[in-house]
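A.B. asks: According to TrEMBL, the protein carries these features:
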type	residues	note
BINDING	Tyr57, Asn167, Tyr207, Glu283, Ile284, Ser285	L-histidine binding site
BINDING	Gly87, Lys93, Asp114, Asp142, Phe143	S-adenosyl-L-methionine binding site
DOMAIN	20-320	domain 'Histidine-specific methyltransferase SAM-dependent'
Amino acid sequence: MTAATLDIHLTDDDLDTALRSDARLGLTADPKWLPPKWFYDARGSELFERITELPEYYPTRTERALLERVVGEIADAAQAEVLVELGAGSAAKTRLLLSALGARGPLKKYVPQDVSSAALRAAADQVAAEFPGLAVHGVVSDFTDTLDNLPRGGRRMIAFLGGTIGNLVPEERAEFLARIHDVLEPGEQLLLGAGLVTDPAVLVPAYDDAAGVTAEFNRNVLHVLNARLGADFAPDRFRHVAVWDAEREWIEMRLEAVEDMTVTVGGLGLTVRFGRGDQMRTEISAKFRVAGLDAELAAAGFATGRVWTDPDDRFALVLAGRR
Ligand SMILES: C[S@@+](CC[C@H](N)C(=O)[O-])C[C@H]1O[C@@H](n2cnc3c(N)ncnc32)[C@H](O)[C@@H]1O
């Protein structure tokens, strides 16, 4: 068996520098906010995996079922030699793509990318063991930064699954999709998995489960700030909040202070005050309409793609090519 190789474009020092900058910006803003990528240390990645198995968390099993149904069509259309996957996480659903691309086309290489090096290393090693003959080359980087460190050569498909696109606000999405378009060569494709607008009675519990796993995942960002920046957050003094913003069509996850408190972030020399009931935004998860997805992809330069949705119209897979 050939072991997976890993390119580290994000060292611990880089992470600390970026976290310092994000934390200073977000914790001094009004209202306070933090970018969602900081959930994902090794513990955060494990908690996300547990979320994907929760009864309320329909996105993962909906996307998986959709992929199972249409993966052959995707593989036939893409004819990819290289599958690049942004925010790959455990790459659980990616096995379906790898099998189909290998069986029906010329697949030679898999390039999972993620900010979470522990999760990426484990996923890359497992895929390498499961798919002998497939070269597996992981890339640890931040997809909101540059995409120039993704390998070139071979006909590529870039997959971005799990609805992670919804974690970006519209302006970030526009810039991100345009950057993906620009790193692709003509004829190469993007496979995008996106959550669709659906009943809030289904949406909200997916982000606020009865067992409290999502709450723990949300609070994990405070553990990360404590560990990496010497902060003294008491995570259990923050309540998990998930609300559906009907106007902007996104779920917002927040952490709400249950009492007045003062937090010190030693690494920043910063003191942060929370009043009882103050809320800090930690994630948005935008949901889409197919026409809106088409429009965003077209604005980024993509040719009109193929779209598949599940029978309940809760999730879409879009295959869009670089013009
Ligand atoms: C919602 S999870 C989805 C995981 C997997 N793709 C799936 O479909 O189940 C988001 C993934 O993106 C990664 N991620 C989040 N922000 C990132 C960033 N800025 N750069 C790279 N990876 C990021 C996380 O570590 C996590 O693995």
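Positions of Cβ are set from backbone N, Cα and C atoms, glycine also.
Bear in mind that TrEMBL entries carry predicted annotations, made automatically and left uncurated.
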A.B. asks: Tell me the Cα distance separating Gly87 (S-adenosyl-L-methionine binding site) from Glu283 (L-histidine binding site), rounded to the nearest angstrom.
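C.D. replies: For Glu283 (L-histidine binding site) versus Gly87 (S-adenosyl-L-methionine binding site), the Cα atoms are 15 Å apart.
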A.B. asks: Long-range neighbours only, meaning 6 or more apart in sequence with Cβ under 8 Å: which ones does Asp114 (S-adenosyl-L-methionine binding site) have?
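C.D. replies: When sequence neighbours closer than 6 are ignored, Asp114 (S-adenosyl-L-methionine binding site) has Tyr40, Gly87, Ala88, Gly89, Leu120, Ala123, Gly138, Val140 within Cβ distance under 8 Å.
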A.B. asks: Mind running the binding-site residues Tyr57, Tyr207, Glu283, Ile284, Ser285 against ligand 1 and keeping the ones whose CB falls under 6 Å of it?
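C.D. replies: Cβ < 6 Å from ligand 1: none of the binding-site residues.
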A.B. asks: Would you kindly give the Cα-Cα distance separating Ser285 (L-histidine binding site) and Lys93 (S-adenosyl-L-methionine binding site), rounded to the nearest Å?
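C.D. replies: Pair distance, Cα basis, whole Å: 20 Å.
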A.B. asks: Drop a 10 Å sphere on every Cβ of the binding-site residues Phe143, Tyr207 and tell me which sphere holds the fewest other Cβ atoms.
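C.D. replies: It is Phe143 that, of the binding-site residues Phe143, Tyr207, has the fewest other Cβ atoms within 10 Å.
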A.B. asks: How far is it from Ile284 (L-histidine binding site) to Asp142 (S-adenosyl-L-methionine binding site), counting Cα to Cα, in Å?
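C.D. replies: Distance (Cα to Cα, whole Å): 18 Å.
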A.B. asks: Which residue, of the binding-site residues Asp142, Glu283, has its CB surrounded by the fewest other CB atoms within 10 A?
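C.D. replies: Lowest Cβ count within 10 Å among the binding-site residues (Asp142, Glu283) is Asp142.
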A.B. asks: I'd like the Cβ neighbour count for Lys93 (S-adenosyl-L-methionine binding site), meaning other Cβ atoms within 10 Å of its Cβ, all protein chains included.
C.D. replies: 24
A.B. asks: Where does Lys93 (S-adenosyl-L-methionine binding site) sit in DSSP terms: helix, strand, or coil?
C.D. replies: coil
A.B. asks: What is the interatomic distance between the Cα atoms of Tyr207 (L-histidine binding site) and Phe143 (S-adenosyl-L-methionine binding site), given in whole Å?
C.D. replies: 23
A.B. asks: Run through the Cβ atoms and count how many others sit within 10 Å of the one on Tyr57 (L-histidine binding site).
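C.D. replies: Summing over all protein chains shown, Tyr57 (L-histidine binding site) has 19 other Cβ atoms within 10 Å.
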A.B. asks: Over the domain 'Histidine-specific methyltransferase SAM-dependent' (20-320), what is the model's mean pLDDT?
C.D. replies: 97
A.B. asks: List, in sequence order, the same-chain residues at least six positions removed whose CB sits under 8 Å from that of Ser285 (L-histidine binding site)?
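C.D. replies: Ser285 (L-histidine binding site) has long-range Cβ partners Gly163, Gly166, Asn167, Gly195, Tyr207, Trp250, Ile251, Met253.
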A.B. asks: Taking the Cβ of Asn167 (L-histidine binding site) as the centre, how many other Cβ atoms fall within a 10 Å radius?
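C.D. replies: A 10 Å sphere around the Cβ of Asn167 (L-histidine binding site) contains 20 other Cβ atoms.
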A.B. asks: With every protein chain in view, how many other Cβ atoms are within 10 Å of the Cβ of Ile284 (L-histidine binding site)?
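C.D. replies: Result for Ile284 (L-histidine binding site): 17 neighbouring Cβ atoms inside 10 Å.
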